[in-house]
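Following: one structure in structure tokens, then a few remarks.
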Amino acid sequence: MNPSFVGCVEGALGIREWLESQGHQYIVADDKEGPNCELEKHIPDLHVLISTPFHPAYVTAERIKKAKNLQLLLTAGIGSDHIDLNAAAAAGLTVAEITGSNTVSVAEDEMLRILVLVRNFLPGHHQAISGEWNVAAIAHRAYDLEGKTVGTVGAGRIGRLLLQRLKPFNCNLLYHDRLKMDPELEKQIGAKFEEDLDAMLPKCDIIVINMPLTDKTRGLFDKDRIAKCKKGVLIVNNARGAIMDTQAVADACNSGQIGGYGGDVWHPQPSPKDHPWRYMPNNAMTPHISGTTIDAQLRYAAGVKDMLERYFKGEEFPAQNYIVKEGKLASQYQ
């Protein structure tokens with residue numbers, strides 16, 4: 001096994017020896033679903049629970065209630081919506097994540113999926129492995145990225161990195177966010193701020209979702225909002241699956257309103273075998289992999305170790321890593 005593959009049960013984030021040498025008990029399990037799973041057995045004794053967003057251990061209000069000794073919930077990665085944050089805040093727990101650990105990884109993956117969809121790559125690949133040769137079947141809906149209008153819904157760390165990577169392709173770049181970028185950065189990237197989301201959508205050939213899942217963003221892209229997009233729009237979503245109305249996306253792909261949909265996030269996760277996104281046309285879907293490259297694993301594993309060291313010493317975490325602190329949610333989750 002690749003020794004840098006630390007984001008698995010066997011790899012255990014590379015911190016088992018370090019933790020156990022200090023007298024801590026470190027339990028690593030992938031059995032985390034159902035009332036009789038391994039996680040349920042240990043919940044009453046846990047002081048710290050580390051989870052990942054890729055195949056998450058869902059930390060529900062019920063589990064938090066059982067965790068009488070729990071003090072800290074750590075996400076090895078970015079995105080803590082698998083935790084009932086309001087219940088965690090009410091219980092006085094600290095919730096933190098490794099901010100920035102996989103922003104490059106996710107932004108690069110978004111670029112990949114944009115190009116896969118724009119160039120109609122997947123049908124060509126399927127032809128290659130099935131022994132076919134039909135250029136027209138691919139070329140009739142393959143385009144250049146240059147000159148296209150790309151809008152990101154959310155321009156935080158990942159959204160900004162994506163825009164920077166898109167600039168050399170000579171696209172028209174738009175962004176919608178709660179906050180406007182620093183004017184100098186906006187000028188450097190060449191992106192235009194769109195305050196009104198619904199006004200931005202029909203301008204875009206490609207839309208990329210880069211916002212956290214909150215009560216406000218859940219189901220944001222429903223049937224009505226998708227209808228406001230340009231017909232044949234390409235959508236990439238590596239943020240969270242529940243931001244989209246699952247059936248509305250599938251229906252729009254089948255009707256041609258969405259010309260292609262790609263991403264690595266689903267609702268629920270793991271997705272069932274009959275999930276409609278598995279079978280809709282022109283999809284570039286994968287399991288939740290964009291933020292867990294080997295490089296990202298090494299970054300979030302190092303981040304977890306740093307956070308645990310601070311926790312053991314009673315020190316503060318970096319401010320940007322807090323999701324819940326002293327009963328208050330971070331602004332992006334409010």
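From the backbone N, Cα and C atoms, a Cβ is placed for every residue, glycine too.
Since this is a predicted model, take the numbers as computed values, not measurements.
TrEMBL has this to say about the protein:
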BINDING   Ile78, Asn102  substrate binding site
BINDING   Thr103, 157-158, Asp177, 212-216, Asn238, Asp264, 288-291  NAD(+) binding site
DOMAIN    19-316  domain 'D-isomer specific 2-hydroxyacid dehydrogenase catalytic'
DOMAIN    114-290  domain 'D-isomer specific 2-hydroxyacid dehydrogenase NAD-binding'
SITE      Arg240  site 'Important for catalytic activity'
SITE      His288  site 'Important for catalytic activity'
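Feature map: annotations from TrEMBL on the structure.
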residue	record	Cβ contacts under 8 Å, 6 or more apart
Ile78	substrate binding site	Pro53, Glu97, Ile98, Thr99, Gly100, Ser101, Asn102, Thr103, Val106, Gly291
Ile158	NAD(+) binding site	Thr103, Val106, Ala107, Glu110, Asn210, Asn238
Pro212	NAD(+) binding site	Gly79, Asp81, Gly154, Ala239, Arg240, Gln332, Tyr333
Thr214	NAD(+) binding site	Asp81, Gln332, Tyr333, Gln334
Lys216	NAD(+) binding site	none
Asp264	NAD(+) binding site	Asp109, Asn238, Met285, Thr286, Pro287, His288, Ile289, Ser290
Checklist entry - Which three-state DSSP class does Ile289 (NAD(+) binding site) fall into? => result coil
Next on the checklist: If you count CB neighbours within 10 Å, which one among the binding-site residues Asn102, Thr103 has the smallest count?
Outcome noted: Thr103
Next on the checklist: Return the count of C-beta atoms lying within 10 angstroms of the C-beta of His288 (site 'Important for catalytic activity'), excluding that atom itself.
Outcome noted: 23
Checklist entry - Just going by other Cβ atoms within 10 Å, which of the recorded positions Arg240, Ile289 has the emptiest spot? => result Ile289
Next on the checklist: Test of understanding: give the count of other CB atoms lying within 10 angstroms of the CB of Gly291 (NAD(+) binding site).
Outcome noted: 28
